[in-house]
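**Student:** Grabbed the feature section from Swiss-Prot, which reads as follows:
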- 42-62: transmembrane segment (TRANSMEM)
- 296-392: region 'Disordered' (REGION)
- 310-319: compositional bias 'Basic and acidic residues' (COMPBIAS)
- 340-351: compositional bias 'Low complexity' (COMPBIAS)
- 383-392: compositional bias 'Basic and acidic residues' (COMPBIAS)
- 488-508: transmembrane segment (TRANSMEM)
Amino acid sequence: MADALIDSQVPAKSGGAGMLKKSFPGLSFLDNLSEMTMLRQIGLLVGLAASVAIGFAVVLWSQQPDYKPLYGSLNGVDANRVVEALTAADIPYKVEPNSGALLVKADDLGRARMKVASAGVAPTDNNVGFEILDKEQALGTSQFMEATNYRRGLEGELARTVSSLNNVKAARVHLAIPKSSVFVRDDRKPSASVLVELYPGRSLEPSQVMAIVNLVATSVPELDKSQVTVVDQKGNLLSDQQELSELTMAGKQFDFTRRMEGLLTQRVHNILQPVLGNGRYKAEVSADVDFSAVESTSEMYNPDQPALRSEQRNNEERQNSSGPQGVPGALSNQPPGPASAPQQATASAPADYVAPGQPLKDANGQTIIDPKTGKPELAPYPTDKRDQTTRNYELDRSISYTKQQQGRLRRLSVAVVLDDQMKVDAKTGEVSHQPWSADELARFTRLVQDSVGYDASRGDSVSVINAPFAPAQAEEIDSIPFYSQPWFWDIVKQVLGVLFILVLVFGVLRPVLSNITGGGKGKSLAGGGGRDGDLALGESGLEGSLADDRVSIGGPSSILLPSPTEGYDAQLNAIKNLVAQDPGRVAQVVKEWINADE
């Protein structure tokens, strides 16, 4: 027995309405929509509108181009000139509201940079230089304002110069220049402070800090280097003079040592590379350099070559007389007493002895008269003589002053390792590795010693050994994965957009519309007003998304018809109950079937 969907509230003959619904399928959707409550109608319309809006947004997102920053920030950039340059070149752009970055399309990034650069737009700092002096000054400008403008201009120019150094992103310079005074007690020296903002992950070398200090100190009159302070953006003091000098000296010594080692290593390469080939040996040189400053003074004497430097002679002769002696005066100028001749000569004195100061007599006993003075000659008094000679001799002396130069090579160590020599068999062409002989290693050792200036007295060491090298493994350059390519993400966006639209259509819109239109079909098929309305269950009861649902037949006492999957017995019992409750309508349905068959 065929199954049927019957609506007991529809008149038995209503073929006109059934034909109208069949001719216009959308009327069933509107009919079912009108039978819903107002809240469900609003919810359905809002859901449909939201689905369409989301689908439209996904399509726009998939078609949206990739934007990249032209400037990470508009700080220090004339935004008006940048926008004018991009607009004139017809390059679309947008500004990121959170970071303030200026974004352009990835395809237009290179062209945008060229256009902006050709327009003369470049990032600049906010420092004001000497261009502040180009402005017209008011008639009543005071000397203080003029001095302040000059100081601001000098600070700006110094900040720009410091900012041009590597690793320095921006800089600010503050100058404290006191007013000059004619009084010495009021004289004050100027000072300066420099704040440097470094790039992330960068730092300044001690030599660069000293360069900044010297640059600022020589740009301001009477500014001493000790009065310049350099600080970074983290508050670290960079201009500690003592530490800077020590670090600078240590850095110079380290660089000098590395340069010396590099020069000696290059000499070894120049000797071994033509003989062994590239990559067949490894050489390293270690130099012990003495940077101590030594000053010495030596004085040497040669006693074999004396020289008379000075001579002093002193001859003294003294005679005893009875003349005036003592302190000059009345007491010392008294005349001498009368001379008294001895009454009897001593036995020891000779016969012709004349006492000192007595007149001399000749052999005849006559007094000898001095012809010049006409006075008698007197016997001389005793005389004391002394001769003293002082001679100073100068020895041969040599004084030498020696100052050893810093950077003296104290010791040198050279290490060379040789790979096995390669032998090619002339017959088979096979390559074999053989170690070097002792004589060949000794020959290479002598070559290396001569190339680096080997000095045994200095304690230099040169080691040349033979060891097989590990086989070199070629490093494969990893290709860029496809998922990192820009085109891949463009395709992914397109595919995701299409998938989202398909899910939205077939997963949301279609089930909703099927539920609505399916309910209308059930009611139109259950209506008894026409041939098309009274269809058998076998023709349409299994169609649509409601084929497995239980269908309600409206009437005074509603009867639920079983679904086709519940079996033939359940359907038969439901039809029997329907015939028992409303036999007239069942008879009308049978008549419609008969008329349809004829």
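Using N, Cα and C of the backbone, Cβ positions are placed for all residues, glycine too.
Map these features onto the structure and tell me what's around them.
**Tutor:** Residues 33, 36, 493-494, 496-498, 500-501, 504-505, 508-509, 512, 516 of the same chain lie 6 or more positions beyond the ends of the transmembrane segment (42-62) yet place their CB under 8 Å from a CB of it.
Beyond the ends of the compositional bias 'Basic and acidic residues' (383-392), by six or more residues, the same chain brings 308-320 to within a C-beta distance below 8 angstroms of the stretch.
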**Student:** Could you give the number of helix, strand and coil residues in the compositional bias 'Basic and acidic residues' (310-319) as assigned by DSSP?
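**Tutor:** Split by secondary structure, the compositional bias 'Basic and acidic residues' (310-319) comes out as 0 helix, 10 strand, 0 coil.
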**Student:** Which numbers of helix, strand and coil residues does DSSP report for the compositional bias 'Basic and acidic residues' (383-392)?
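**Tutor:** Secondary-structure composition of the compositional bias 'Basic and acidic residues' (383-392): 0 helix, 10 strand, 0 coil.
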